[in-house]
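The disulfide bond annotation in TrEMBL covers Cys3-Cys30. Annotation comment: TrEMBL describes 3-118 as domain 'CUB'. Sequence annotations record features per position, and here TrEMBL assigns domain 'LCCL' to 120-216. Positions annotated as domain 'F5/8 type C' by TrEMBL: 223-380. According to TrEMBL, the region 'Disordered' annotation covers 641-664. Marked as transmembrane segment by TrEMBL: 443-468.
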Amino acid sequence: DGCGHTVLGPESGTLASINYPQTSPNSTVCEWEIRVKPGQRIQLKFGDFDIDDSDSCHSSYLRVHNGIGPTRTEIGKYCGFGFQMGGLITSKSNEVTVQFMSGTHTSGRGFLAAYSTTDKSDLITCLDNASHFSEPEFNKYCPAGCVIPFADISGTIPHGYRDSSSLCMAGVHAGVVSNTLGGQINVVISKGIPYYEGSLANNVTSKVGPLSTSLFTFKTSGCYGTLGMESGVIPDAQITASSILEWSDQTGQVNIWKPENARLKRVGPPWAAFISDEHQWLQIDLNKEKRITGIITTGSTLAEYYYYVSAYRILYSDDAQKWTVYREPGMDKDKIFQGNTELYQEVRNNFIPPIIARFFRINPLKWHQKIAMKVELLGCQFSIGRAPKITMPPPPQNKNDDKNDDFSDDFIHSVKTSLQTDKTTFTPEIKNTTVTPSVTKDVALAAVLVPVLVMVFTTLILILVCAWHWRNRKKKTEGTYDLPYWDRAGWWKGMKQFLPTKSAEHEETPVRYSSSEISHLRPREVPTMLQTESAEYAQPLVGGIVGTLHQRSTFKPEEGKEASYADLDPYNSPIQEVYHAYAEPLPITGPEYATPIIMDMSSHPSTPLGVPSVSTFKAAAGNQAPPLVGTYNKLLSRTDSTSSAQALYDTPKGQPGPGAADELVYQVPQSVAHSTGSKDE
């Protein structure tokens, strides 16, 4: 009479003293005999131990033995308040006896323990929760029997469970492990959420929970998608039933609750059986074999018709002829699934191991008023590696409508052992049991590559900007010319200097000279600096031009071969070797370019090379003609072998002294062949 919560599975289990975690009654005793497969050994782990030791373990104690029966040998005898068991107790064989004796005492919760075979090195108990572990991800083995009435969980999948929840009980709720078998769980810890939903699944009620610092989810194979009832992938013709409810309401309208109405979340009536007995069924043809991992059910979802199924069996087949009732491995009884407790809530049940079949049947065993339900199947496509199926004889067929007494007794016993719940809470929408996926290598690789690429591109941009500024600073330090106007328009236009440009032979962009940079030079430095960097047009070789150039003055030569200072020819013409020298430009109000005057030198005496040309400029009274500058103070003349003509500009006439720019005029040169004088223009 001292046995409490007990589930003894084939490889693991859970046992507790009576009334745990409350104080156990006086003068009670319980003895558990545990067996596993031959050749294996048993390990025992205590989750809580609190036994009165006031009489030095004389009347109240826990004793563990190797073996069963008279030949057993004692491993140890334990008692104490809050006793911390160091490590595991391991047997020497595949059998263990655990004996609990409770004498006269006033306090003490008793104990709760879990056992498994010794190959489960990471065994935990039903009392362990996520806050007991510091790792962000870990694997543990849950024993069978962790659906205990004194443990709570909050949350659901896929959102996660509150960190205070029992790991193993949450694993049963999520469909990761079986309560009758236990199993391995893979837990992932993450940041908590403000609110945890509640739901009913696998005979476990999850409660609504408040904010927590962390939560946990389970990593699974991911085979928990919907198979097509709600979406309509499964056509109406593939949904059949044993009978259909058809009736007329008060208005005379005929209502038919057909099998195709049994689609989860579909608005309208459900499927309902014409006769409510244990021989009714709803059948779904999946068209081919699928891996079925779970089922979600609701009641009628119509407030005026309070119908729902509270317990059912599952049958499956490959040909719709031979049917197999679903049983858990190692069990000799059909698995009874807990259904709904009201007409609206969605209740999920998982199949561990999964069902591999094409035809799927639901056989209601218990209902409220009438058999009525909507369903959805969970699972995935079945490919290679079919798991062995559990073959069982088909269930006995009852030919009469009365319930069989033997079956009723068996059903009542199954319901007592499998459908015990304290209370039921309303369940929000549960689409599937997909949990947090594992972090893949691609995500980690992307997390590294993205910052690296950003840094590389940023570095390249900075290098280009620095190179552009360095080039501009160098040009300001070395150059005689200002930057072109478009270079000052902005960073992007400045970047054009790095791009290929048109050939200078095809461009007629005028060259402008900065008076601010030229005016500070000494006269003899000007020609030298003009030679350092060539422009599209060479600077005119007219004395005194440096001091009188306007900022926007330009000089446009005749089209032809580009000039070169190395030849001492300012400008060269491809047709005639005619050398032009331009005088100071006209005022802004006048023409931009002076008109060169070509003279026929055939009858004119040739001038020796190097002798200055006879040419004058006329200036206003009191103006002094500017002196010629540098080594180019003489205008040279050459005669081409193919032409006897040379271009010569007349020198200004007038009185020395400064004058206004608008008073400058040019005298027409006198041709030797025609006349000896000309008028001023």
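Using the three backbone atoms N, Cα and C, a Cβ is placed for every residue, glycine included.
TrEMBL: automatically predicted annotations, no manual curation.
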Going by DSSP, how much of the domain 'CUB' (3-118) is helix, how much is strand and how much is coil, in residues?
0 helix, 61 strand, 55 coil
For each of the disulfide-bonded residues (Cys3, Cys30), count the other CB atoms lying within 10 A of its CB, then report the residue with the highest count.
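Neighbour-count leader: Cys30.
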Within the domain 'F5/8 type C' (223-380) only, compute the mean pLDDT.
94
